[in-house]
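Engineer: According to Swiss-Prot, the feature ATP binding site maps to A8, Y9, S10, G11, G12, L13, D14, T15, S16, G116. Marked as L-citrulline binding site by Swiss-Prot on the basis of sequence analysis: Y86, N122, R126, S174, S183, E259, Y271. Residues or ranges marked as L-aspartate binding site in Swiss-Prot: T118, N122, D123.
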Amino acid sequence: MSEKVVLAYSGGLDTSAAVKWLQEKYGMDVIAVTIDVGNEKDFTLIKEKALKVGAKKAYVRDVRKEFAEDYIWKAIKANSMYEGVYPLATALARPLIAKVMVDIALEEGATAIAHGCTGKGNDQVRFDVGINTLAPHLKIIAPARQWGMTREQTMEYAQKWGIPVPISVKNPFSIDENLWGRSIECGLLEDPWNEPIPEVFAWTRPVEETPDEPEYLEVEFEQGVPVAVNGEKLSPLALIQKVHDIASLHGVGRIDHVENRLVGIKSREIYEAPAAVVLIAAHQALEAMTLSKSQLRFKQMVEATYSDIIYNGLWFSALRQDLDAFIDSSQRFVSGTVRLKLSKGSFRVVGRKSPYSLYHKGMATYDKGDQFDPSSAVGFITLWGLQAKLQAQLQPILEEEKGNKS
């Protein structure tokens, strides 16, 4: 009896070619697993394709709800933006995919898990580390990392075996998408001087095709988690879709970024993340009103580490769980509503309110009703500037003494 290998199957070029390659190279029975994390695909056709290209069995698992509640919501509370730009859509889905792959491998009695990651990308690290953490006894096979074929050669290999190839050699974009965003790379995008052609974008409208009138969007949060849009309570999936639809209509969410990959190289990446950029910005605005200065400053350091953890494939680490404990505690009073204005490819926060706001109008106003006691400022300024004053007075003397001795 042949050994079983569970393959993370997307229906794309690399994983379709991998089915045949695993059979040729290892003589293993391939079990294809396709995981729905919000991909806009026909999963029935993908399952049929997996069986057609040689898989012994094919699974489709819908984990969108789990992805939103257990991954995306955590990312929002942590304001997760890698290098301050990328909302980590692809990176955030990888640990969940690894978890489902391990679960099915254990159910099937498989001895190995395979994925279609290349040797240059970050995903190979995310999958390998996740799988090794959850099930270290399982062997990991990465065909695209081993076979040494270029993308064009992989296309030729697939065509040799009659595997449909849905992309062209002339413009071979590699695309990944889920609830939280869409990433596009390869082809002409590998030259960072090239402007992305219109065909790169599938979610967001070009600015010239967006409405002339701006649109207002209100997002309500409860303890750091978005729960309603424009006054309507929504499920996690419906809420993300609602914000996505409004933001993409106005051309919001396009990102063109040269980022530092985990493997040590720089990569030009194009992203579409309309819901992500809007919801994270709204959350940050609410935190600015409900967290103290010291909380915000410390949390910003935590957020940078948290984003790196996601990007670097360490979701299942103890440190991520430890940071979650702090982040969850910080969100106790992050409840309220944020109003945003979207227009012509951009947006900005134009209002916020919270029953737990630390903004005190009576203390901040310069108009009638001012409750701030200006006489308090004199003593504060004296103490606040004492360190600088003493240093200015004492160190020039010390420097003169040093000069006299030399």
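The backbone N, Cα and C atoms fix where each Cβ goes, glycine too.
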Engineer: Taking the center of the Cβ atoms of A8, Y9, S10, G11, G12, L13, D14, T15, S16, G116 at the recorded ATP site, which other residues in this chain have a Cβ no more than 8 Å from that point?
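Structural biologist: Here the nearby residues are A17, A18.
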Engineer: Using other CB atoms within 10 angstroms as the count, which residue among the binding-site residues Y86, Y271 scores least?
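Structural biologist: So among Y86, Y271, the binding-site residues given, the one with the fewest Cβ atoms within 10 Å is Y86.
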Engineer: May I ask which residues of the same chain, at least 6 positions away in sequence, place their Cβ under 8 angstroms from the Cβ of D123 (L-aspartate binding site)?
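Structural biologist: Expected: T90, R94, H115, C117.
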Engineer: Restricting to the record's ATP-binding residues (A8, Y9, S10, G11, G12, L13, D14, T15, S16, G116), give me the longest CA-CA distance in Å as a whole number.
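Structural biologist: For the residues that bind ATP, the greatest Cα distance is 13 Å.
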Engineer: How long is the line from the C-alpha of S174 (L-citrulline binding site) to the C-alpha of S10 (ATP binding site), rounded to the nearest angstrom?
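Structural biologist: So the Cα of S10 (ATP binding site) lies 12 Å away from that of S174 (L-citrulline binding site).
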Engineer: Please find, for Y86, N122, R126, S174, S183, E259, Y271 as listed binding L-citrulline, the greatest distance between any two Cα atoms, in Å.
Structural biologist: 19
Engineer: Can you name every residue in this chain, apart from T118, N122, D123, with its Cβ inside 8 Å of the center of the Cβ atoms of the recorded L-aspartate site?
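Structural biologist: What remains near the Cβ centre is C117, K120, G121, Q124, V125, R126, V263.
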Engineer: Would you count the other C-beta atoms found within 10 angstroms of the C-beta of A8 (ATP binding site) for me?
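Structural biologist: Around A8 (ATP binding site), other Cβ atoms within 10 Å: 24.
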Engineer: Could you tally the C-beta atoms, other than its own, that fall within 10 angstroms of the C-beta of N122 (L-citrulline binding site)?
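Structural biologist: So the number of other Cβ atoms within 10 Å of N122 (L-citrulline binding site) is 19.
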Engineer: R126 (L-citrulline binding site) to D14 (ATP binding site): how many Å between their Cα atoms?
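Structural biologist: On Cα coordinates alone, these residues lie 17 Å apart.
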Engineer: What are the sequence-distant neighbours of S16 (ATP binding site), meaning same chain, six or more residues apart, C-beta distance under 8 angstroms?
Structural biologist: Y9, K49, V53, A158, I163, P164
Engineer: Just to confirm: which same-chain residues, 6+ apart in sequence, have a Cβ under 8 Å from the Cβ of T118 (L-aspartate binding site)?
Structural biologist: D14, Q124, A144, R145
Engineer: Restricting to the chain of S183 (L-citrulline binding site) and a gap of 6 or more, list residues whose Cβ falls under 8 Å of its Cβ, or answer none.
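Structural biologist: The answer is A89, T90, I175, D176, E177, E269, I270, Y271.
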Engineer: Taking every protein chain in this structure into account, which of the binding-site residues D14, S174, E259 has the most other Cβ atoms within 10 Å of its Cβ?
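Structural biologist: Most Cβ neighbours within 10 Å: D14.
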Engineer: Determine, using Cα-Cα distances only, which of these binding-site residues is closest to G12 (ATP binding site): Y86, N122, E259.
Structural biologist: N122
